[in-house]
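Annotated in Swiss-Prot:
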- ASN63, ASP109, PHE160: ATP binding site (BINDING)
- 260-277: compositional bias 'Acidic residues' (COMPBIAS)
- 758-771: compositional bias 'Acidic residues' (COMPBIAS)
- ASN63: N-linked glycosylation site (CARBOHYD)
- ASN306: N-linked glycosylation site (CARBOHYD)
- ASN402: N-linked glycosylation site (CARBOHYD)
- 253-282: region 'Disordered' (REGION)
- 727-771: region 'Disordered' (REGION)
- 768-771: motif 'Prevents secretion from ER' (MOTIF)
- 1-24: signal peptide (SIGNAL)
Amino acid sequence: MANSSLLRVVLVALLLLGSVTVSAGDGRGTPIAFQAEVSKMLDILVNSLYTNRAVFLRELISNGSDALDKIRVLYLTSPKEPLTKDGEAPTMDLRISFDKEKSELILRDGGVGMTKEELAKHLGSLGTSGTKHFLEKLQEGVGAGGGDQNNLIGQFGVGFYSVFLVGDRVRVASKSDDSDEQYVWESKGDGQYFLYPDPRGNTLGRGTEITIELKPDAEQFLSAETIKKTIHQYSEFINFPIYVQEEVEVASTAATPEPAAEEGSLDEGAVEEDPDKEGDTQGVVKERRWTLVNENRPIWTRPIGNVTEEEYHTFYKAFSGDYRDPLYFNHFKVEGEVDFDSILFVPTTVDPASFSDDNSVPNTNIKLYVRRVFITDEFRDLLPRYLNFVKGIVDSNDLPLNVSREVLQESRILRVIKKKLVRKTLSMFADIAAQDEAIANGKQVESPAPSGHTHLKKPAYTKFWELYGKHLRLGVMLDSNNRNRLTKLFRYKSSRSESEYISLQTYVDRMKKGQKGIYYLSGDSVARIKKSPVLEDAVNHDVEVIFMTDAIDEYVVSQLTDFAGKKLINLAKEGVQLEESDARQRVADRKRKEKYDSFFTHLRALFGYSEVRKVILTKRMTNEAFLVSSGENQITARLASIMRGQSMSLANQQMTAERVLEVNYRHPLVDEMFKRFTVDEDDEVATDIAWVLYDTANLQAEFPVADVAAYSKRINRLLRSSVDLSADDSLLPPDDAEYTVSDTEAEEEEEQPKVDANADEEAEAVGEDDL
């Protein structure tokens with residue numbers, strides 16, 4: 001689409017090259033006509049770049065702001081004091097007014113203005129060499145004028161012609177310090193324009209006034225509310241004040257109001273009388289007043305350190321619509337390969353939409369500005385998906401302004417901004433953690449000076465992690481370039497820190513001497529993990545274990561294999577040995593394995609070769625007879641369970657979660673089974689014991705039990721056997737004979753109304769809830 005837009009613009013520029021003169025005799029001078037297809041080409045031009053007609057106002061305000069920027073720079077070295085013919089000085093602002101009777105919208109700025117030659121150059125010909133330069137810069141991804149402030153000229157380029165989206169006729173009056181005369185450029189967008197001295201004389205002193213005769217279907221732009229809404233959307237943070245003239249009803253007074261100053265020279269809050277105003281019977285009159293619209297100044301352009309925390313909070317609420325203060329903010333400026341200003345905020349609540357996996361939905365939390373002009377908030381990857389909860393603004397002078405979103409999306413500059421923005425965002429999170437640690441160590445600064453970021457008054461990282469930890473863990477899977485930065489931000493509870501989170505670095509710092517790696521267990525909750533038999537082994541060895549309680553952790557550890565040079569080890573995997581064996585122990589282990597080899601072969605045959613990959617002697621210090629672990633290079637039982645819950649198509653995924661049976665030879669039941677199976681491989685008691693222990697171990701490890709009914713029957717048989725009851729003993733006979741019921745009692749019972757027992761239970765439950 002971007003190439004298509006470029007092709008159209010190139011075609012327009014080529015067709016508009018060269019102009020011809022035709023005669024006219026209406027007093028406006030000689031009209032200048034472009035080639036015959038100009039109207040069609042202009043239509044292609046504006047519609048190829050703009051789909052929303054309201055952007056014409058953004059373009060004109062941006063042009064006016066550039067013109068004011070230019071004159072401000074020029075006056076730093078060569079100040080002047082121009083005046084209108086009535087002796088009024090032009091103002092350094094933009095003003096928008098209306099003539100509803102004529103359906104005219106009027107925009108005026110006190111900027112640099114244009115001479116007759118500049119009007120012809122910038123408005124009269126799209127086919128100049130400037131257009132070629134514009135197209136070249138467009139292709140390079142650099143906007144005309146770039147980041148050089150001396151090029152901040154109020155030249156009307158491609159964007160100006162968006163005015164014909166809403167206007168039937170446009171008149172541009174302009175006065176430059178370089179000319180004694182004020183000129184008017186006028187066109188209906190029909191292939192020709194007029195250029196003539198303004199018959200009104202010097203009404204501007206300096207600057208430009210654009211009068212748009214609105215199309216019948218664009219008269220909504222005669223509404224002050226519509227104009228203000230559009231300004232808030234696109235031009236809220238323009239460097240200069242923007243005033244809109246409004247009609248307000250005020251109580252009439254006996255005193256005669258002073259004559260209003262000429263339009264464009266009024267101060268904020270000044271009153272301009274409607275010459276045709278009439279008081280009603282209740283003493284109310286209509287007056288015209290200038291209303292300042294863009295009261296929220298672009299605080300990101302102010303020096304970092306000169307903005308208070310309260311101002312940042314106020315700004316956040318204004319631009320985000322969130323009524324809460326942000327959890328954290330960071331204001332920074334990037335210079336070098338690309339220059340931009342940015343303020344990023346971390347909200348105090350999670351937007352459920354941030355967990356959406358629909359990549360076609362743009363992230364609208366980051367608003368992109370170019371020279372303080374809002375461009376778009378619909379980039380899908382200005383920040384990666386895992387950081388889509390961060391809100392903020394980015395303002396760059398190095399991006400092109402008047403191009404489509406598709407062209408910007410491919411911009412090299414935008415890719416650089418994205419890379420730096422991600423680094424700054426992760427640095428912001430690290431700062432929250434660092435301040436947390438400082439507070440914990442008693443190093444909190446009581447009354448810090450403004451520094452462009454939040455100064456925490458109390459710990460906040462725990463809340464941040466609980467809100468956005470899932471997002472950061474997703475980042476480990478999606479952003480390999482920043483994986484190390486992300487893992488430093490991770491926080492977990494552990495067997496030594498069940499109530500407070502610790503970082504992986506903290507875990508590493510307090511590892512036992514000689515410890516092989518970072519041990520962890522995953523589960524639905526800390527309470528469930530604490531009941532795991534494999535945790536018992538770590539506790540017995542005084543080894544700390546990380547508790548991972550979020551489903552996403554299982555996916556994360558598949559990507560995150562180590563941290564700070566220490567391997568991450570899942571205690572639920574086979575063959576975990578927390579202490580090294582000496583030579584004597586290794587020899588004994590080999591002999592022990594030979595002793596139990598036939599026993600293990602029998603167990604594997606009993607439970608099924610397809611279900612149990614292998615049977616081994618456990619090296620864990622545990623009181624359990626059997627442990628079921630996952631294969632070393634296989635997915636865990638928990639991950640398989642999570643995958644089954646996420647998609648029915650993965651219902652058979654459990655087959656890849658291979659089971660390893662670990663046998664504790666020191667357990668009395670294991671010793672009894674070994675003896676019984678050595679005598680008789682079909683021993684029923686030993687078989688029942690083996691199955692019950694195996695199924696129980698499966699449940700503890702979150703593997704499913706294949707035959708729950710058989711499991712229940714085996715437990716029943718073992719319980720009968722433990723109290724010397726035969727498995728064949730049937731139920732006892734009914735004991736009705738023990739209870740004597742008289743005929744009278746039976747008759748009385750028959751006469752009682754029948755009551756639904758379930759209804760009684762439900763009624764009791766409701767009553768308990770009420771209590």
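The backbone N, Cα and C atoms fix where each Cβ goes, and this holds for glycine too.
Feature annotations (Swiss-Prot) mapped to structure.
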| residue | record | DSSP class |
| --- | --- | --- |
| ASN63 | ATP binding site | helix |
| ASP109 | ATP binding site | strand |
| PHE160 | ATP binding site | helix |
| ASN306 | N-linked glycosylation site | coil |
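Taking the recorded positions ASN63, ASN306 in turn and counting surrounding C-beta atoms within 10 angstroms, the largest count is reached at ASN63. ASP109 (ATP binding site) is surrounded by 32 other CB atoms, counting those within 10 A of its CB over all protein chains shown. Between the CA atoms of PHE160 (ATP binding site) and ASN306 (N-linked glycosylation site) there is a gap of 36 Å, rounded to the nearest whole number. A mean pLDDT of 46 is what the model gives for the motif 'Prevents secretion from ER' (768-771). ASN306 (N-linked glycosylation site) and ASN63 (ATP binding site) are 29 Å apart (CA-CA, integer value). With a 10 A radius on its CB, PHE160 (ATP binding site) counts 22 other CB atoms from all the protein chains. On a Cα basis, ASN306 (N-linked glycosylation site) lies 29 Å away from ASP109 (ATP binding site).
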